[in-house]
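Summarising the annotation, TrEMBL assigns ATP binding site to A:T65, A:P66, A:A67, A:G68, A:E69, A:G70, A:K71, A:S72.
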There are 2 protein chains.
Amino acid sequence: MKTDIEIAQETTMKPIVEIAQKAGLTADDIEFYGKYKAKIPFSSMEKVKDNPEGKLVLVTSINPTPAGEGKSTVTVGLADAFNRQGKNVMVALREPSLGPVMGIKGGATGGGYAQVVPMEEINLHFTGDIHAITAANNAIAAFIDNSLQQGNPLNIDPRRISWKRVVDLNDRALRHVTVGLGGPLNGVPREDGFDITVASEIMAVLCLATSLTDLKERIARIVVASTYDREPVTVADLGVAGAIAMLLKEAIKPNLVQTLEGTPTLIHGGPFANIAHGCNSILATRTALKLADIVITEAGFGADLGGEKFLDIKTRQLGKTPDAIVVVATIRALKMHGGLDKKELTTEDVPALERGFANLERHIKNMKTYGRPVVVAVNQFADDTETEVAKLTEMTTELGVEVSLTQVFAKGGEGGLDLADKVSEAIEGPAQDFHYLYELDKSTEEKIEAVVTKIYGGAKVNYSPKARRQLQEIEKNGWSELPVCLAKTQYSFSDNPSLLAAPSGFEVTVRDLIPKLGAGFIVALTGDVMTMPGLPKAPAALRMDIDEKGLISGLF
Amino acid sequence: MKTDIEIAQETTMKPIVEIAQKAGLTADDIEFYGKYKAKIPFSSMEKVKDNPEGKLVLVTSINPTPAGEGKSTVTVGLADAFNRQGKNVMVALREPSLGPVMGIKGGATGGGYAQVVPMEEINLHFTGDIHAITAANNAIAAFIDNSLQQGNPLNIDPRRISWKRVVDLNDRALRHVTVGLGGPLNGVPREDGFDITVASEIMAVLCLATSLTDLKERIARIVVASTYDREPVTVADLGVAGAIAMLLKEAIKPNLVQTLEGTPTLIHGGPFANIAHGCNSILATRTALKLADIVITEAGFGADLGGEKFLDIKTRQLGKTPDAIVVVATIRALKMHGGLDKKELTTEDVPALERGFANLERHIKNMKTYGRPVVVAVNQFADDTETEVAKLTEMTTELGVEVSLTQVFAKGGEGGLDLADKVSEAIEGPAQDFHYLYELDKSTEEKIEAVVTKIYGGAKVNYSPKARRQLQEIEKNGWSELPVCLAKTQYSFSDNPSLLAAPSGFEVTVRDLIPKLGAGFIVALTGDVMTMPGLPKAPAALRMDIDEKGLISGLF
């Protein structure tokens, strides 16, 4: 079987100007980054701002398992199917982070015949957006430490600096560090740590900003530390909001690329779906909605994390809710939720499928509570048996939702035509009221409780003593009106990654509440949430190479 | 008076395709990065490889002072003067590092009417090359720490890891850190430190590589640590040379931009001129030589650092020596070398000028020993008096070299026409033999002695006990044939920054010898060499801003 990179390299890409034209933009409307990538400047976004808005389809999934779900693959395949049907369709995706690419994943731009290209460049530095975010994030850190060094005029408590440095790599040795060692000329010693760049608040800010002015205002509001008097210290206090926004002036423009089948695709921004909201940028999604009749987008991790945050956080900034929600599942993954080991997946096991179906069932019910039609996409694998497929179809149909078997990995858009038909029906159905999970005027505790009990299926929320104090500070500082962003393991509805399928009766403990004033949400940390991944024993990088002509191998 | 950024923003840039055409390249030969920047791919470099080579002019300077010399400004102005004279000329420059831009400099693309544009983008992220270098450098670090964590199969001594992490920022708090804290899941604790990216060996490697294959081989040879048995550990041993070269596949392509007067300019790479060789890339200089009849390039810091390294390190890889050398001086800076304070420069002071002239004199004599014609460019300031100008001209002429008064800051190429005439005469004179300062078959000690006694004017080289041991290791490992790269303060010929003008009789102490096998030179550290700058009390970033339309202010 061909690898993803081989399939991608065999495909003849269209010049990006043709892709732009397909999306209604001229060569003058885009900024070229080589022949196959372009940025869309503000002047072009301005030009199309009064266009009617297309329909929005959110692709989300069951809780991920090591068996793989193929959410991006389905997203791309669904768009390619619409494209084959002659629809004016666009994709809006997050961009891959280099850390996981070099570490385990080896690539994150779909798979098989449902990919976004040029995959090598999108997976590596792309148009430099994540690097600009790294630089902006670390510049803020340097200004904080410089302020300490230069007499500490802001009265910053060095023990209470919450702003961490970042690298776009998996590097566990940077999780806990001490900086400022080496005597009085080399800074003020303090404990510090690094996150991976996609966990930076700058990433979330860039993805939620609606203009350069909004970007600068969000940056100014970011809380980076507290004073000895426990007052928040912001980027505005450091005096560098303008400089930091300046560093992001190119990164904030959406990037245009294409699928293997030539569907115009915007890839822009990639915040984590645990400690951030896990969706591509507002500007990219909005621009796609102005250019296309149908926009397919996805949110990170499962529907409990990225899905919930798309609906309760992103749509509030976007001013648009999805017209349909696609939940992706695989029979393999559901069998793992039913208790099988990854090695046991090649044998038919209907009882395991039935047990694991509980995971899909809860996600379907959750998504329906928002008032939008749900379609289930079953991403088919060669090992799936007819009996298993029939059983899954039967169980899903009993829930009153459409189910479609897709083979986009093997067949591209051709393998998603039935899904496209079912999504078409869904988005063209009668309009229904959209129901947020919570209203913004509820307290932070009430919002967290709504997510835990209504989406996760938990019984109760506990707070650490620290989190209790932080709830009071949030109240005192007037931040209660912000939505909440729960950081939780992606593998389970609960905060325990080993509780698969649809656990209930569990309690969730909030350890820490982090106000992200720039992003505009309160992060609630539950369990151990990894903000800096480590490398495995044999990193994916070991098999990567480049030849004398620049041809790359080893990215999947 | 207008600021540099105001002048730059008032200028209408030509589309980069027109600049490419002027340099003999078509639209298909370049990869666009927006409308005003492009990369030159290997296929285009291949296409012109049999073109005849143009003449090469090296611009260097006296030892820098806080009064400023304007070396980049003269480089650009000289090229623009040739351009006005209808010559086929190109510029080859280093790219600015973000750290100094945000810290003190505020910009590094020439000044006044002799600038390279788009200055905002060149000064900020440009085409992402430095970010790619940061990522490649830090990926190596992550692989080292991961190897320690995963059972340490290479037997790396964690106390003897020489590979440091980097950020492209001024951040003194990162000079000395401890990493790997937080228990067994979070790495192996060890002392570490960060350099600024331009000090990374990856930067030197990128600038000296002649092809993708050469790049990968250089990366493989980089020594990152030693084992408990004191054997060198390389990137090849880590198994990631291919992956790291892959990360640099775009960064290694030269970047095409333009001067304010439309002269084609390649800006590519920017290694420090103390712990590295301080010149733009071999690929950029070579490509410019194939495209233009005259190429103007510059080397970092004074002629004792960047100049010497250009001549003894870079030309050996380039396969081409300069046809003329321009030494830039200002009357203000020479008066500071003569003992004046920066505040005293507005008053005429011929005796101070005469004392400070010793600095220029030694640089002129040094450059002449290489067997190439030298021209002195006096970058004129409004405060320079007629008497001072006459005195400087007289003293310089007595040394048998041409001197030209230039006003390129105020007048652009128009202010450099006389300099262009004198450089023309120099490069068209009869060919002379080129003399390297040392032959490669000399020992490391003999090479260092040659630089210290013949270029710096020092009396003697001392070695720390550590450096003595390292000399033996260099011999033992067979690295003696490499050229040497002395890391020394840029402010003085000596290793003491306060010894201005032309000190003599001093001794230089080599504290440490660092084999840079990828770059292909042995770094000899003398005095305190800063590889991670700090921010000042009021960083330049405080005045930087971006407005709602994306217009930037506060870059100089």
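Backbone N, Cα and C define each Cβ position, glycine as well.
Taking the Cβ of A:S72 (ATP binding site) as reference, residues of its chain lying under 8 Å away and at least six apart in sequence are, in sequence order, A:L93, A:A108, A:T109, A:G110, A:G111, A:E298. One residue stands out among the binding-site residues A:P66, A:G68, A:G70 for having the most other Cβ atoms within 10 Å of its Cβ: A:G70. Long-range C-beta contacts of A:A67 (ATP binding site), restricted to its own chain and to partners at least six residues apart, with a cutoff below 8 Å, comprise A:T330, A:R332, A:A333, A:K335, A:M336, A:K342, A:L345. Long-range C-beta contacts of A:T65 (ATP binding site), restricted to its own chain and to partners at least six residues apart, with a cutoff below 8 Å, comprise A:R332, A:A333, A:M336, A:H337, A:Y491, A:L500. A 10 Å cutoff on Cβ-Cβ distances gives A:E69 (ATP binding site) a total of 24 other Cβ atoms nearby, all chains included.
Remark: A:K71 (ATP binding site) has A:V59, A:T60, A:S61, A:E298, A:V328 as non-local neighbours, by Cβ distance under 8 Å and separation of at least 6 in sequence.
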